[in-house]
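Student: Below is a structure I'd like to ask you about.
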Amino acid sequence: MAEIIDTRTEPDRAIEQARAVLSEGEPVAIPTETVYGLAADATNPDAISRIYEMKGRPRFNPLICHVSDMAMAEAHVTFDPISRRLAEAFWPGPLTLILPQRPESTVHSLASAGLDTLGIRMPDGFSRQVIARFGHPLAAPSANTSGKISPTSAAHVQADLGSKLKLILDAGPAEIGLESTIIKVEDGTLRLLRPGGLDAGEIENLTGCVVMRPESAGATIEAPGMLASHYAPGAAVRLNAEDVQAGEALIRFGGRPLPGEGEATIVLDLSPGGNLREAAANLFDYMKQADASGARTIAFGRIPEEGLGEAIIDRLQRAAAPRG
Ligand code: TXA
Ligand code: MG
């Protein structure tokens, strides 16, 4: 099992150990405000290979590079004016920008999967200090086996990848609980490659531009990580349930009971008070709990489509998609 260091009680040791393991070319699981990441030196091809190997992830899938400050970002990518504005407004935070990689950037092509762009973000919280100390961008997908639910706690990471990892930094439950929103600016048009922890409506309010949505879930090749059956729990998933069958787990929203829920293996409410931020933060953990209840199917109550509901529904549709 991996060593777990609590960053709240031992911040200095956490940073030093992470630096040491990363310098050996080994991945470290780090807490970000979105989900826990499986981080490795983005300039070291062997280290990046270890990420793909641990996750069992297809090689064609590019990774997000995490930076600690604007100077580090600008050493690797060029910003158009709109992207710069977004970075200034929302970094550190749950926003990834797809930007042209600079010719002199030392990020290895294994991290970008050979594209001429990089997915880049400045995370909030403890991971930012780890990156600053390490001094190079960290490539980090979510710290889970490919296709499984993203981890929002150190315990989730330990249960899934603990036998392969040396070190997990534990900063408590992820504050946002959904992966970052991915935006690509092209000829002044903002394209949403993945809805996520930053509400696309906030981006529209800031820029005064419409954010173009992908045609349908999983349709875009621009973000090849967006495979239809991502985020799959073990159980089948049924959306917009109006009632519950015996043997199903129920995950509902807004404190509304559903007929038949007394027969459910477990009943969880993403946010009894109807708060979408709270719902996002609970989503992946509740999917894991529902899975662990032994249910053959997880029934989800209806989620409102506004704000972060867009990203939550995106993840649920992927979880409900045919597997394979
Ligand atoms: O919140 C997050 O974004 C988390 C935490 C750890 O930061 N990371 C994360 O990474 O979700 P990952 O690897 O699971 O998702 C990366 C997504 C994929 O859909 C990938 O295709 C897309 O970003 N991506 C990365 N680089 C890209 C590029 N150059 N062009 C288009 N899409 C890119
Ligand atoms: Mg992932």
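Including glycine, each Cβ sits where the backbone N, Cα and C put it.
All TrEMBL annotations are machine predictions without curation.
What TrEMBL shows for this protein is this:
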type	residues	note
BINDING	T34, H66, R121, A140, S142, S180	L-threonine binding site
BINDING	R57, N61, T117, S150, R194, Y231	ATP binding site
Student: Check the DSSP secondary structure of H66 (L-threonine binding site), expressed as helix, strand or coil.
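Tutor: In three-state terms, H66 (L-threonine binding site) counts as strand.
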Student: Among the binding-site residues T34, S142, S150, name every one whose Cβ is found under 6 angstroms from ligand 1, counting any of its atoms.
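Tutor: The qualifying binding-site residues are T34, S142.
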Student: Could you work out which of the binding-site residues (R57, H66, R121, R194) has its C-beta surrounded by the smallest number of other C-beta atoms within 10 A?
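Tutor: R57, out of the binding-site residues R57, H66, R121, R194, has the fewest neighbouring Cβ atoms within 10 Å.
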Student: Which of these binding-site residues has the least crowded Cβ, counting other Cβ atoms within 10 Å: T34, T117, S142, S180?
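Tutor: Output over binding-site residues T34, T117, S142, S180: least Cβ neighbours within 10 Å is T117.
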Student: Can you list which of the binding-site residues H66, T117, S142, S150 have their Cβ under 6 Å from some atom of ligand 2?
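Tutor: Those binding-site residues that pass the cut-off, since their Cβ is under 6 Å from ligand 2, are S142, S150.
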Student: For R194 (ATP binding site), name the DSSP secondary structure in the helix/strand/coil scheme.
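Tutor: Note: R194 (ATP binding site) is in a strand by DSSP.
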Student: By CA-CA distance, flag whichever of R57, T117, S150, R194 among the binding-site residues is nearest to H66 (L-threonine binding site).
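Tutor: Result: the closest of the binding-site residues to H66 (L-threonine binding site) is T117.
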Student: Could you find out if DSSP has S180 (L-threonine binding site) as helix, strand or coil?
Tutor: coil
Student: List only the single closest residue to T34 (L-threonine binding site), chosen from the binding-site residues R57, N61, T117, S150 by CA-CA distance.
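Tutor: Looking at Cα distances from T34 (L-threonine binding site), the smallest one goes to S150.
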Student: Near S180 (L-threonine binding site), meaning Cα within 10 Å, which of R57, N61, S150, R194 (binding-site residues)?
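Tutor: So the list is R194.
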Student: Can you give me the Cα-Cα distance between R121 (L-threonine binding site) and R57 (ATP binding site) in Å, rounded to a whole number?
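Tutor: Spelling it out, the Cα of R121 (L-threonine binding site) and the Cα of R57 (ATP binding site) are 21 Å apart.
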Student: If you draw a 10 Å sphere on the Cβ of S150 (ATP binding site), how many other Cβ atoms land inside?
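Tutor: Excluding its own Cβ, the number within 10 Å is 24.
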Student: Which whole-number value in Å describes the distance between the Cα atoms of N61 (ATP binding site) and A140 (L-threonine binding site)?
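Tutor: Pair distance, Cα basis, whole Å: 12 Å.
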